[in-house]
Amino acid sequence: MPAAGGIGPGNGKEYPGNLTPFVTITCIVAAMGGLIFGYDIGISGGVTTMTPFLQKFFREVWEKKEANKSTNQYCQYDSQTLTMFTSSLYLAALLASLVASTVTRKLGRRLSMLFGGLLFFAGALINGFAKAVWMLIVGRLLLGFGIGFANQSVPLYLSEMAPYKYRGALNIGFQLSITVGILIANVLNYFFAKIKGGWGWRLSLGGAMVPALIITVGSLVLPDTPNSMIERGRTEEARAKLKKIRGVDDVDEEFRDLVSASDASKLVEHPWRNLLQRKYRPHLTMAILIPFFQQLTGINVIMFYAPVLFNTIGFGDDASLMSAVITGVVNVAATLVSIYGVDKWGRRFLFLEGGVQMLICQAVVAACIGAKFGTNGNPGDLPKWYAIVVVLFICVYVAGFAWSWGPLGWLVPSEIFPLEIRSAAQSINVSVNMMFTFLVAQVFLTMLCHLKFGLFMFFAFFVVIMSIFVYYFLPETKGIPIEEMNQVWKSHWYWSRFMEDLDYPINGNSEMSKGGQGPKLV
């Protein structure tokens, strides 16, 4: 039976299969790849507010922070060296994801995860024992290479393993482990900051070895996906694995479709060049715009710099780390809502609802900060109720992101690409994500210094644009088998003009258009 509210593929196929314990456990282990990314996002913002860390590596920032206590709060952390420490990781992840495409395609998804875990472990080790800024940067680059490999392979692995009726919920396990990683990092920062002797930051940075070990060991015990096995010529093994994954013997129809997709992919000698073909225009557009928009929701600004931000709006060091823990808990809880609802309510509904919620919260936070800090950044004494209001609306904003653009920014791109371009297109998705994460991280503190409270309105503008884009151009992909996804584009009011009948025949079945394909413009 289809998941509630789900639809079958446009050509009437419904592959048999169950959500077996084997698949559930496999997907949970694979999703742990998100821990390394989440842990890093959470840890770096907290560490950069720890006084001993700033005194050792970024003394000019610490001196400016001390000098600015009674003056302009917007500019106290404005340092290109400090932001390079945070954002160098994302530049490395961008480069690694391009290499990871070839590894994932030729050697399998598991090996890509293994490389990711080992590189991340090495980076965590160097950062934990860092004596100088260059060691921090080298460590961050290795962490970035690890994240590039993991973020390239884990979402693909999950989308290929999951039965199509439950693909959304299982794939969002990746985003859930990112949010759990952020929360764990925030809690550890809170306690490590209290360690006497000022070496708690070493534990925070070195602690990244634990999630690195989890994904490394996990990748050694996980099975390969049938898609990946077929792609590498192990067809009989793939059939046996598919039976085990689906929990039924009748897998012939799905197996034939996987083999057909693999045969088509083998005709493609240059998947990167192929992406530029007209028939892949919708896929390329989504691979670029979804991660671009995901970063311009402003979420990483909140998550990277939650402690810095709360410190800036008047919380003490301790209280600001605690506030970051609160937003971390909200993030995890809201991601669970997404897991529950993505295969019931659909992707489009969550995207649009989350967009409206984030927009309202950004406007309120901008008004609150603007009213108290004005343009000179000197708030005077901040009443307790004011701080509570700001944290409350930031939490509602985080919830809106965590059940919409957070998980769906990884889920939708990983499920829409045909096998012949899947690894290359996923690399573009990760590269664009990391490039804009890098740019936002690199310029955020400078923008905060110059745009002041208007920074939130800057991101709110993009939330409006991305919601309009989703409404008109993103088709519903709920309940569609991954190898049948091209039918979605074929029946879309706009993208259908790029799809040739020769490439993607559709059997005149109009059922696809029921899934919320955007407005039918005539």
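Including glycine, each Cβ sits where the backbone N, Cα and C put it.
Record features (TrEMBL):
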- 26-478: domain 'Major facilitator superfamily (MFS) profile' (DOMAIN)
- 19-39: transmembrane segment (TRANSMEM)
- 87-104: transmembrane segment (TRANSMEM)
- 111-130: transmembrane segment (TRANSMEM)
- 136-158: transmembrane segment (TRANSMEM)
- 170-193: transmembrane segment (TRANSMEM)
- 199-222: transmembrane segment (TRANSMEM)
- 284-308: transmembrane segment (TRANSMEM)
- 320-342: transmembrane segment (TRANSMEM)
- 349-373: transmembrane segment (TRANSMEM)
- 385-406: transmembrane segment (TRANSMEM)
- 427-447: transmembrane segment (TRANSMEM)
- 453-474: transmembrane segment (TRANSMEM)
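At the 8 Å Cβ cutoff, the transmembrane segment (19-39) and the transmembrane segment (199-222) share at least 3 close pairs (sequence separation 6 or more) and count as touching. When averaged over the domain 'Major facilitator superfamily (MFS) profile' (26-478), pLDDT in the model lands at 84. The stretches the transmembrane segment (87-104) and the transmembrane segment (385-406) do not meet in space: the count of Cβ pairs below 8 angstroms, excluding pairs fewer than 6 apart in sequence, stays at fewer than three. Contact between the transmembrane segment (427-447) and the transmembrane segment (136-158) is present: at least three CB pairs lie under 8 Å, with pairs separated by 6 or more positions in sequence. Long-range neighbours of the transmembrane segment (136-158) within the same chain, counting only residues 6 or more positions beyond its ends whose Cβ lies under 8 Å from a Cβ of the stretch, are 27, 30-31, 33-34, 36-37, 40, 57, 84-86, 88-97, 99-101, 103-104, 109-110, 112-113, 115-127, 130, 167, 170-171, 173-174, 205, 208, 212, 215, 222, 225, 410-411, 413-414, 422-423, 426-427, 430, 433-434.
The stretches the transmembrane segment (385-406) and the transmembrane segment (111-130) are not in mutual contact, being linked by fewer than three Cβ pairs under 8 Å (pairs 6 or more apart in sequence).
Using a cut-off of 8 Å between Cβ atoms, the transmembrane segment (199-222) and the transmembrane segment (111-130) share at least three residue pairs, counting only pairs 6 or more apart in sequence.
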